[in-house]
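Engineer: Structure below; questions to follow.
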């Protein structure tokens, strides 16, 4: 299972990040900006909530930290809400397994060899059925795992129970306090006679904690796999400052993940999010989409297909020209703000929809955000005395002007697709597979292949992740003949495209 | 008109080219493989032919080299078919000007300053109305120009006449011999008292000639701007061999050109090419598209939109997954070859459609190539005694099997969109503008900014080209506020995206 | 407000109905087949439930029939759940008003004249915010109204409260018994000193009750407006049997309603229904849609646009050819049943998906029905001992085969869009406007215009309904010049198309 | 081959035609309005021209009427251009046969029985390869045929030659004079010892001639099959006036033909027509389509799919609402006339684009007509002294305003798809099959089934035509089970939909 040769490595140390404001040692508060800058698979609290809700309404108010629980084998090295929910969780995990074919395939391939034998992985991610499939895959590949939640709301308690019942040391429950959050992380890493040698992080909090509390641990750690925008950003800053002391793998920017999370996923979730919250009919609606990057492209394609009339705003002339060629009128927001029925932001920018525009929207206009954070719509500007807020449904507010005009604000300007729609397991499967492969690669890499730097996934690994997901579609890949490979100057097994191919 | 700061430069010396077979000093024969490996704006002989044909059927069989012609001002430093066609050509140029807004805008902006003052540009490109607009723009910017044709068939004689009448030293006519071809190039560069300091090349022949005959000229030459795949490939090989003695700009791989030439242009030309040759009805037809890169994506999107049922073959799992998500069945060619009505190759590979597949196609199946060269369909394998060829229209052959089965082969396997459809002026405008900007950049660059290497266009320049074309669509770009630019860490004037953004 | 001249009338007595089994005097049971054969705007119990739920969880178990309630003006001629919910209901009505522009426009136009002055309308429909807007419009036009619910589950209690508070005699609550149901209807019609002269029915129960109990009332009744498939069917049977004693207007088959309910609405609700129940990702999924009528066309278009690969089955060669031309493979179900991820029925037929097919579906296949009734999927055949049913969410069952294969059955085979998605107010607005116009027309028609027959809405009325909804889209209609109208032989005000135009 | 039972007949005597101006006895001149009001498959002179041109440029100026020609069997009962072209024509016919599967299927089915045995068919249609396939099919079914051309320009001379060589009495050539035209028709019908008993007409001229010259012939004639709008209109007028003395079948209004000719065919031909004439790039272009009937729907769908931004104008609120729901801005022409790049008329109306609008269009705007006739664009208004006309290509005029503004007018306002694109054989196949079935039906109908009236094709026959074309798409129709047929109240063999279904 040697995946890469050193010549295929790609250092991304030189990738520049625009947002230089966050410094690693200024920790954002837990609930505030943290959750806002996360990528799609992270803080999807609301989505999982629905599926899990039937077991959540427990009236047991005791803190898990105050309980003594053991699983059926007498093991008590975990801290979760309620071990009795394990059966429910197991069913959720089994259902998720059906849509995560790549991880199941990895398990099969690794039945003989154990590429993670000896690996001690400490993880900090959302704890959901999909994560459980990942964890159990890592174990099947030979690893030992200890795990905490990266978000105080997103844990599916019954899944945590199933994992604990299965012997995993899990420390997480839905509704942790900030103090609980760090306590759980600490329980994962601070154990007599056990030291992690791999980190799987989502948001950088686990990495941060080890840096701060147990810097010596890095001597044994072979690498960090990080998934989130925020976490990756922190790693680049550490690297820049010369403080990164182990190799790190940036899973977030792999092409497979980007295309799925942004273009394909948003194409579906924009419709889903709008329908679930407003029941709006798309046909004939006039919509302005701010930003024509991958997210904007997905939103525009979906709405156009459903019969909406879509306008686009852009700052980048290349994306602007793409919008034109794709059949969208490129406008400035003020040119159409009076006439549109729906306003969607997908820019990653701040203050794209400001009070001035909100004042000029027509009655009933729906305003929502599909972009990077909650800064795109200036929601704060709507908190003025003359405007009345009316919560009409979960995630739906009517903001009412003195003359009776109502603006329909979704998710208070936070990400619509995280708050009001769900993320298909198939998308999460791609991320989880990439994480598993990144762990295997870093753990097995020969000395010297990776320096103390941040690496993008090699194209070949991206291609491998993609290939593991093709059977889901009953898709049959063509293989190059020797003659063709020679003609193209390619290895028959790839990589087939340059690294920058999207 | 300082376009770039040195920090924005991008060396592409490390870009690897798969096709390593062509060496610079093994000149391909003029008619053979040369024209096959050219990009879209190059050898579009057939397309221009139609527009120009009413003036072309001259019965004057005298070689232009044997004629003495002068323009109305008494200038005779040119060699073309017939100076009397100048009026026709001028009208064609005027029509083209209307669809090349970016060059016209450049002329206006440069009315005060002359960024090419002192530039002596020697060019070797297709000589068409669009090229004429470029040449007259370069002159308006201060340059002197001498020009030859890069293709022995593609010259629009009346345009050449208009250029000669306008004072340009043009050496080109439709139907040159190979000897004529090199004679014309030589006449461009070999002139008492005039030495070029800039090269604008399309295919690398001009560059090759100077290398071979007048290597000392490179001392005064500030740079080469090259547009074609072939020419760029040669430059990279020169660079690799340490023989490139001036900076060169790779215009071919700019994002604007790539997206327009491939995705957007092919989306239209696949339909156009098939209709003009076969009048086929697209609705309900089963089509297999081999390759799901940009060209394949464009073909698939168009045919799906017209009601065809489209299958895709791919070797790259990432493109394969994209095909799946875009709604195409991913198959191997042999799974569908018996049932499809149309086969289209877009791979850049060789022997994608071999005799075995051709044998199994159904009666009436249409076979054509939209990819990189004429190698994708193994046309040679059809030249066997038992098969009858019947030319039913220009560019359309019926190949007839002994049992009466007919395959409809288009353009003998050469590029369909070059042979059987036209290239919109708007696309050519993007390329021409990029060429003009590349000349300005190289000519004005401060000492040391560019080494003896091949450079990709900086993102910013791509964005500038795009922005010059937005007015055509009455598209209005949004500008960043100072606050937003700061938040994003961007300069308000761009570049807005990383270089690898597509 | 004279809408029609007698020459424009269309008798539809000759329209044949396939389903001849239901006879008027064999009343279907309330919960059984009744609700199944209803059109979209009828039994959408589930959809309204969500919006209304916050006021529904009342612990008051007293039957409304046993309560004495009065509104704030002391009026007690109604029977509803709880008059105190009136404020909540009023807000819902106000929100609905914003999306029912046509009714609001009718109110304005009728401020001077009162085309329903003297009309005594007895109605039996779903009691929702949208119906309330209709009722208040009828009142504004001069009518008196008494109202009962046509479905024992669909009443929005707070809306009923708001209507009662506003002076309407409403007899309806959520969760009526069968006895309550008929008691409410009786209270509407059986009143000292008040006799209805118009009937607005949805399902035919009110009409049935009057026929059975108060046949003499028909002497004063000027006409019946009926909206549902079932009710219309009953009317045609009465007419056939020579027992229809007043004119009746078939609102169900108007083109506006058909196109909106079927094509445009299903285009959106298929996606919505699938997402809300299964969170399935559409991209790359293989789907078979059984039936390519309007509903099937809408489903196919939406799924294709979202990147699904869609197969179609059909019995009618014309629809089959349309499917081909629209780019769908036309197959028999058994050809694709093993490979598809989703099966959707839209045929109006019975036993389209039988056990044999269900046995051969692959693991995880989703099965649902968008057609006319719950007969399309043979759900009964799944109630066998070897299969396990597991309810995983509301409206979602896993049916598990002995080998572990799971089929995901939605809404137990009932209509997906009624059960699992919502109906946009805009669609209901079209129906309600048509009902209002039909009442006006029948009430004001001169003696003899309408016989004792069932009439389709005249084209002109359809066109009028459509025109009242155009302002929602800021759509501007072009008017014929006198010269053009003469050339086309049309009246400048329509009708513009033959009656059969769809 | 008894196709119909009398209960399935549909009299269309009551269909109203808007355009009441043309009376039968006021014959329009041959070249003037006649050809303009024809449907798509009629006067497609230009399209066939290209394919046939290589044999047409004969320098033989002798009128065919002055030549004595015989075929290889010594038969001379025909009058065509040149019998020597028969081989070329035969090849064209063979190619056409491959795309007319339904007629070939009819030939096979009729090998035993000869449903047209004894039929003497006189025909007047375009004489093309497709017509030849029809004629040879009729002969295979037992009929004798004599044929003339319905258009003086559309005859493919080599096809006529092949027919003559094959023994058909054909009287037609390309470039007939008006006198030739009637002479040819007369030669078809006026023959010693031979009287037609069936008429197949396209435009009504043949019918008119017999009415005028040989009214007694109608005693033996069993029926007329008419294909064109104009011819059908004349028949309805005869019927109205009580002068129709045999049954007539209106082939023009069959659903299969309408959908194919209008929606599906125009979806393709709008792109084809625009590309061939102007090479315009569709992406990003702003287009206004006047009229949203079937033709407009097809044009809009295609242009939207190619990335154009499409506006629609309509007079009919129902079509207007459809345009809105399909995602098009509904505007008045004057609202967008200044900004659009392309104007397309599809209304069937007159003076839709008048001089006032033409004056306000922007430079380079393309204007064309896809509607019913050449009246939609007021081309006459452009024939004023201050405007310059410049013919830049075949079918393309630049109209130049004094300020230099150019409007690009296509086909001088005549039908774009007839003049500038081709009609796929597959579409012609549908029409030809329908004609053949209509002849069979009328010829074999028992006494009394058809009165002296105009009949629409019964639904069942439409369905049969459709079913014969499904194998082309490898489409597999599902068959009703007995139980299902009973449930739906349908015959298992159809008809499956009401007659008005589109």
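All positions are counted from 1 along the displayed chain.
Each Cβ is built from the backbone N, Cα and C atoms, and glycine gets one as well.
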Engineer: Besides A:293, A:294, A:295, A:296, A:297, A:298, A:417, which of A:314, A:441 does TrEMBL list for that NAD(+) site?
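Structural biologist: Among the candidates, TrEMBL records only A:314 at this NAD(+) site.
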Engineer: List which of the binding-site residues A:128, A:227, A:261 have their Cα within 10 Å of the Cα of residue A:295 (NAD(+) binding site), in sequence order.
Structural biologist: A:261
Engineer: Which number gives the other C-beta atoms within 10 angstroms of the C-beta of residue A:417 (NAD(+) binding site), all protein chains shown included?
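Structural biologist: 26, counting other Cβ atoms within 10 Å of residue A:417 (NAD(+) binding site).
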Engineer: Neighbour count first, Cβ atoms within 10 Å, every protein chain included; then name which of A:293, A:296, A:298 tops the list of binding-site residues.
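Structural biologist: Max Cβ neighbours within 10 Å, all protein chains included: A:296.
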Engineer: Hey, of A:128, A:202, A:257, A:261, which of those binding-site residues are within 10 Å of residue A:314 (NAD(+) binding site), Cα to Cα?
Structural biologist: none
Engineer: At a 10 Å cut-off from the C-beta of residue A:202 (substrate binding site), count the other C-beta atoms across all protein chains.
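Structural biologist: Looking across every protein chain shown, the total is 29.
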Engineer: Which residues does residue A:297 (NAD(+) binding site) neighbour through Cβ under 8 Å, counting only same-chain ones at least six apart?
Structural biologist: A:263, A:322, A:326
Engineer: DSSP secondary structure for residue A:293 (NAD(+) binding site), reduced to helix/strand/coil, please.
Structural biologist: coil
Engineer: Using C-alpha atoms only, work out the spacing between residue A:202 (substrate binding site) and residue A:298 (NAD(+) binding site) and round it to an integer in Å.
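Structural biologist: So the alpha carbons of residue A:202 (substrate binding site) and residue A:298 (NAD(+) binding site) sit roughly 25 Å from each other.
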Engineer: Select one residue from A:128, A:227, A:257, A:261, A:294: among these binding-site residues, choose the one with the most other Cβ atoms within 10 Å of its Cβ.
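Structural biologist: Sorting the candidates by Cβ neighbours within 10 Å, the top entry is A:227.
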Engineer: Please give the greatest C-alpha separation between any two of the substrate-binding residues A:128, A:202, A:227, A:257, A:261, in angstrom, as a whole number.
Structural biologist: 19
Engineer: Take the binding-site residues A:128, A:296, A:297, A:314 and keep those with a Cβ under 8 Å from any chain B Cβ; what remains?
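Structural biologist: Of A:128, A:296, A:297, A:314, the entries that lie near chain B are A:314.
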Engineer: Roughly how many Å separate the Cα of residue A:261 (substrate binding site) from that of residue A:296 (NAD(+) binding site), to the nearest whole number?
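Structural biologist: Residue A:296 (NAD(+) binding site) has its Cα 12 Å from the Cα of residue A:261 (substrate binding site).
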Engineer: Would you count the other CB atoms within 10 A of the CB of residue A:314 (NAD(+) binding site), including those on all shown protein chains?
Structural biologist: 29
Engineer: Give me the count of other Cβ atoms within 10 A of the Cβ belonging to residue A:295 (NAD(+) binding site).
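Structural biologist: The answer is 28 other Cβ atoms.
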Engineer: Between residue A:128 (substrate binding site) and residue A:296 (NAD(+) binding site), how far is it from one CA atom to the other, in Å?
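Structural biologist: Computed Cα spacing between residue A:128 (substrate binding site) and residue A:296 (NAD(+) binding site) is 28 Å.
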Engineer: Determine the mean pLDDT over the domain 'S-adenosyl-L-homocysteine hydrolase NAD binding' (A:262-423), rounding to the nearest whole number.
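Structural biologist: The answer is 94, the mean pLDDT of the model over that range.
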